[in-house]
Amino acid sequence: MRILFAGSPGSAAQILKNLATHECEIVGVISQPDKRSKRGGKNEPSAVSAEAIKLGIPLYNPKSIDEDFKETILQINYDFLVVSAYGKILPSWLLEHPLVAPINIHFSLLPKYRGASPIQSCLLNGDKKTGISIMKMTRGLDEGPVYSLHDHEISSLSNKIDLENELVALTNKILFKSLLAIFNSSQKPLEQDNDSATYCNKITKASGMVSFLEEEAEHIFRKFKALNGWPGLFFHRNGIDIKIHGMAVQAPQNGINISDNFTFSKDGIIIKTKDSSIVITHLQFPGKKIITASDAANSYADFFAN
Amino acid sequence: MAKLNILTFPDPRLRKVAARVTVFDKSLENLTSNMLETMYAENGIGLAATQVDYHERIIVIDVSEDRNEPLIFINPEFKILNDKSLLSFSEGCLSVPGVTEEITRPDNIFLTWQDITGQRHEEEPTGLLTVCIQHEIDHLEGKLMVDYLSPLKRDRIRKKATK
């Protein structure tokens, strides 16, 4: 079984690394060109490029998928193209070249969460279950027919990074077996039910902004878990974006008047939401250290006064 | 008193699971005071026995501003009381030098432990202390902060460390 692999980030590198331990030949790896690193002038290869170099596999980093690249790739024969978060749109000739099929690993149970942020989206929606789809790639956005779906339960404490690690581990458990089944039995994939498809957008800095009075407490809490690491969760007040580092969902309490926006209590800053309230226990002003809510009550009383 | 040598990632000894402490004697007292000395010398806020290659369930902590409130927890264990209360702090680790990363942990836990004489205690810590305790208990389980990071970041740290 011969495989051409395409991918870029760390999760894809883990999948490549695992695939290389099985009985198959990885004939080449396609990945995004090296990024100029933020500090210092040295260019930084993508995680997948670095793994390919370590494994001694021929590496292609085309800036654009042009005629030259096409000529090079069409000279190679392989059974599968396996794609995991490559980050460029693939032309028809590349999808048609594998002898068996072009395969994509998508981190959701398709047709749910087609698009760029399936992991964050299932956390934002408070789903109890997600999984991975082994799909035959087509030109459309995650619209290809599906060979197999693999369920994964989401624990109530899981955040984005936990879930990504778990889904990579699940992929490594099933991918080679799935490829083998497709290879040996010429298994036919099933078309997705396009009517029940949902889509998710790329996460941006703005995704982390909270508008307390327009969002439900539970939703704000889910955002905290889904966006941890990057971009994190922020709220805007007096022209400043303040980052939230600790929060809890709180049932409405008797005796505390939360008709105002910000109320300081022994548990933290109680903030009214669309449906009830949340408590912020730790926060951070731009360029400052993380502080507790009681520090904020002392140092920033005027800032929070209505 | 003596300063102890701290193991650094990816040393496989950091992956050992620590055993319960059953004997509360002079040597336990010596070990904890050496651990505290090591932690203060390295400007850490917590240290687990695993990090100094003793594989017993012992952690020392000081999260005070003035670094004069040493805490010792023997056989610490915790339960999560509320999974709707979270903290996301930038954590560092003496065994993963030069790296700080934001990690999300539950804020509301019920902690039980024994002191240096074997006496049992319980408490509900919050804030920085609860983060630090969970970080150190992870060490006793052979778990490191890098395990919470995305595969990309973990690989980068490993590469830097083994250079």
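Counting begins at 1 with the first residue displayed.
Any Cβ shown, glycine's included, is placed from N, Cα and C.
The domain 'Formyl transferase N-terminal' annotation in TrEMBL covers A:1-176. Under the heading (6S)-5,6,7,8-tetrahydrofolate binding site, TrEMBL lists A:SER108, A:LEU109, A:LEU110, A:PRO111. As annotated by TrEMBL, domain 'Formyl transferase C-terminal' applies to A:202-300.
The binding-site residues A:LEU109, A:LEU110 differ in how many other CB atoms lie within 10 Å of their CB, and the one with the most is A:LEU110.
Counting Cβ atoms from all protein chains shown, A:SER108 ((6S)-5,6,7,8-tetrahydrofolate binding site) has 24 others lying within 10 Å of its own Cβ. DSSP states for the domain 'Formyl transferase C-terminal' (A:202-300), grouped as helix (H, G, I), strand (E, B) and coil, give 24 helix, 38 strand, 37 coil. Within 10 Å of the C-beta of A:PRO111 ((6S)-5,6,7,8-tetrahydrofolate binding site) we count 19 further C-beta atoms, all protein chains included. What surrounds the (6S)-5,6,7,8-tetrahydrofolate site, by Cβ distance within 8 Å of the Cβ centroid and not counting A:SER108, A:LEU109, A:LEU110, A:PRO111, is the set A:HIS106, A:LYS112, A:TYR113, A:ARG114, A:PRO118, A:GLY131, A:SER133, A:ASP142, A:VAL146, A:LEU149, A:GLN192, A:ALA197 from the same chain.
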